[in-house]
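Taking it in order: structure first as structure tokens, then the write-up.
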């Protein structure tokens, strides 16, 4: 701190001291040393290299490649020929199945995301208390999400909602004669929605973490003022939780747009009946790998990219009006 | 002076990262490029089928390896679902199998795209096709060149649950039956079973095993000669759909939910689940495994009951064995094809698992070891192929289907389903069908 004795001992970090040329040199040296210590130079990049290889080799390059392919007639088997914007034009003007898949996907997103998040929040509220063995309950509620992405569970779903499935057996107890829910074009998509909603574990865990962080004193004050539990939920919990709701909404919408496995397994790869379960990713897969129209599939992928990016941008903009950060 | 991470920054960053990660994955899955063939020292052979067929192939290949220890074979096999998706991916990724079981319906597409190796230069040398008829070889021939060796004779047969019929006091219809007879007996099944069993599965959307025969009975082909459009007229398709609409109305065939569930899923076939006694799906028995305990029997497709109706059946080649062009082991692959075509142990191992054997010699070899149902199956195939060759008015065997054929078949299936579910009228669906078909085939 003190700069009393020797003149040569001038310390650079004291701006009030008038600077001489030697002072300035000293200061530059210090700055360089500091910069090195903070991580300047190329060393960090060396350590990041494996990740960069992955990013460029497995993500950026294939993405650019697919952008190129989306303007070609690539069929997986023979070299790609440039066809300009043909693929994009065909999508919007001459492909009824594309619109079927857009319809199915939008219904799926719009119905499944709110239901899933509402259920996740409700269960998170239930689990946010100090009970004996609460960890066990949490694990039990999270379990479906661990199984959820798996092919096995989709196969089980197929069985449960099939014509002679468990669900109809259950309905039979009440004298209701069920139908084959998977094979009817009016209900098949909703079995997928149900499967998605059932896998509420991930947003639930995130909600739970958020609920645990909420300040207790606000609740105490509200309780003293006589606020009912409902009021407390809508006036305190929900507003304080909006950043987490926002995070979950963004994540779940993206996830829902990209859903593939359950639709593929439950419809046996067909997207049927009558394209009612032809989720966008499934259609993309079918075009690329079954119908050998990889160029068209790439175009579909880029349209999906733009749509999801658009939805996310809208989310972020809308978020300014309803998300409250407490900092 | 610690840097404070605000909640705002945290959540925005996390959301942003999630967006990037999520989207990147979707897009990068679609990149790729064409590559070279397999370089491993093993010869990769791949096929689809039932467990019985897998076991038969493995048994035959084991015998082949005993005599040819230098050829190391790697066997990969699966069901039909996803088989060609995987094959497409392998070709694009440069890891195509050397030798594969090929679908007669898809051989033209792959041959024209240069995926398959032409085999003509081997015929008569390392590829022994003695006893294969010309019409049979047509199944593996594209633009005059041979790209696949047929495994056997395939004909369209209806599989009948004969014991189920007898339980209802009904008799197996005569072999020379008509579409009207099918309607009659299907109605009888429904009535006599007290509404529990429908007669026949709904094939208003069935292509190869149903409508194609019906169109040929009208003197029309499924695809036009140049493959740029369908070959049948709207009137024929309309009459076909009206026939099946009436069948549904009479409960002679099951409701659309059952039809839809059975699509691509043999275990949900109406006969397999006990909801019908007749099925057009040759897979129910054709693969050799018995799906139900019932005594099965076989019938040709019904004949036309209008004046001027022609013979609609034809003989095709079961499945094919093809070699890929990028393979460095085409010579060895051809050796294996020849082995399956002529070798006694191979023929005995394969039995009827790839259709009725293609040559007289092979049929004699397996005759003694066949089950009762196998014998009925083979006998009916023999009956149909004799009837076809005797018929003067039968159209020639159709050439290998054009590219996009599988999309047309799917379109036909979906169209019939849309009508059956009451989502579309026959008239409206007809227009859509022909519009879309022309678009797919590029005519």
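Placed from the backbone N, Cα and C atoms, the Cβ positions cover glycine too.
Remember, TrEMBL labels are computer predictions, not curated facts.
On a predicted model such as this, the values are computed, not experimentally measured, just so you know.
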Transmembrane segment range according to TrEMBL, out of A:106-127, A:260-281: A:106-127
TrEMBL annotation of transmembrane segment - which of the ranges A:19-41, A:42-64 it falls on: A:42-64
Range annotated as transmembrane segment in TrEMBL, from A:139-157, A:158-176: A:139-157
When counting Cβ pairs under 8 Å to the transmembrane segment (A:139-157), the leader among A:42-64, A:106-127, A:188-211, A:232-254, A:297-318: A:188-211
Residue numbers, six or more beyond the limits of the transmembrane segment (A:188-211), whose CB comes under 8 Å of its CB atoms: 104, 107-108, 111-112, 115-117, 119-121, 123-125, 127-128, 138, 141-146, 148-149, 153-154, 157, 161, 181-182, 237, 241, 243-244, 247-248, 251-252, 256, 259, 262-263, 266-267, 272-273, 276-277, 279
